[in-house]
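Undergrad: My questions will all concern the structure given below.
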């Protein structure tokens, strides 16, 4: 078992980049694989989750070179060129791989099956199997959870689907199925979710319409190979945005970070708490906005986090809770029940961990209350969740004594170079087994 020890530090200073965006990396493989022609992807995240997606397409006959220095070259086979995999597709720990692949595979002429690790096998899949079945797909789960068994050769029909809650994975799953369905597939969102799929469709020259809060797609299009630069992942930058904000004397610059407006909830929340975050040198990598982020220490104050921020910061809440633990006053969050359905129950894991470190935290069914103050040393269990592990590693920098974090191997799913990058800013994080 891989564990971390994170020791208290003085201040954090320096300039870093973070690995490529995980959401965009997954999608670059998917659309590159079903494109006509070759795609060259730079900035690809070679973490375990995205490698699971890459290997899935290799098993379906797509030739993919790399990753080599974050470059991947994909030799697309076109929309109808995928071949039946010889084995069950293992999505390992990646819910994105499983949910997006399910939409694509539901439209193929061959049978397939998707499985994953112990954590993934606990995650809810009815949210995709039900609308796919409405489209005419034959998709079965085990009591609403993986593995997913898909019978190919089914004729899909477009539907108008009103999203019951914000979920980029469900939306993307249905858009991928809609690329093969008879008639239009229309998806209406009542709350904003990540729009990387819609942007990626445009990057690969596939027609998609956005009208009155709905996304419309049909099968009358093809993806075409392209060149793509992937920006740094704001979900990975989040750990260092918070770290610099809560560690006195800190001054950190993070270059080339994606600032897609459906992902910048952490900047809005921390700014409301009093953080000193400057967004510099704004530009674009294709369809995705990018900037450099300059963060300096500032005393934070507790706030009531608006529920409207939940889909815009869903993956960043564990480390936002660390910021709240260092803020003056109380921080509350409601409307975030989805956090209990991630790689772990992130509300439960953070409440337990914060209490272990002397911070008063209470969990609700859909949120949390944290009384800010000081973080003590101690030991916490990440529950095998990469974002919990990295969040408590950040806490160690400002704790009164070292923080030991158990069960950290899954950090490799999203940020394999986390410890190296952190220590460049003068963290003192050690790994041990």
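For all residues, glycine too, the Cβ spot is worked out from N, Cα and C.
When I checked Swiss-Prot for this same protein, it listed these features:
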- 22, 23, 27, 167, 169, 315, 342: 3-phosphoshikimate binding site (BINDING)
- 22, 95, 123, 169, 346, 387: phosphoenolpyruvate binding site (BINDING)
- 315: active site, proton acceptor (ACT_SITE)
Undergrad: Quick one: of the binding-site residues 22, 23, 27, 315, 342, which has its CA closest to the CA of residue 123 (phosphoenolpyruvate binding site)?
TA: 342
Undergrad: Around residue 315 (3-phosphoshikimate binding site), which residues of its chain at least 6 apart sit with Cβ under 8 Å of its Cβ?
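TA: Same-chain residues close to residue 315 (3-phosphoshikimate binding site) (Cβ under 8 Å, separated by 6 or more) are 235, 238, 387.
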Undergrad: Can you count the other CB atoms that lie within 10 A of the CB of residue 27 (3-phosphoshikimate binding site)?
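TA: Around residue 27 (3-phosphoshikimate binding site), other Cβ atoms within 10 Å: 27.
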Undergrad: Quick one: pull the CA-CA distance for residue 342 (3-phosphoshikimate binding site) versus residue 95 (phosphoenolpyruvate binding site), whole Å only.
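TA: Distance (Cα to Cα, whole Å): 9 Å.
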Undergrad: Quick one: Cα separation, residue 22 (3-phosphoshikimate binding site) versus residue 95 (phosphoenolpyruvate binding site), in Å?
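TA: If we compare the Cα positions of residue 22 (3-phosphoshikimate binding site) and residue 95 (phosphoenolpyruvate binding site), the gap is 12 Å.
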Undergrad: Which whole-number value in Å describes the distance between the Cα atoms of residue 23 (3-phosphoshikimate binding site) and residue 346 (phosphoenolpyruvate binding site)?
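TA: Each residue's Cα considered, residue 23 (3-phosphoshikimate binding site) and residue 346 (phosphoenolpyruvate binding site) end up 19 Å apart.
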Undergrad: Hey, what's the widest CA-to-CA gap across 22, 23, 27, 167, 169, 315, 342, the 3-phosphoshikimate contacts in the record, in Å?
TA: 20
Undergrad: Long-range neighbours only, meaning 6 or more apart in sequence with Cβ under 8 Å: which ones does residue 169 (3-phosphoshikimate binding site) have?
TA: 95, 96, 99, 100, 128
Undergrad: Express the distance between the Cα positions of residue 167 (3-phosphoshikimate binding site) and residue 346 (phosphoenolpyruvate binding site) as a whole number of Å.
TA: 17
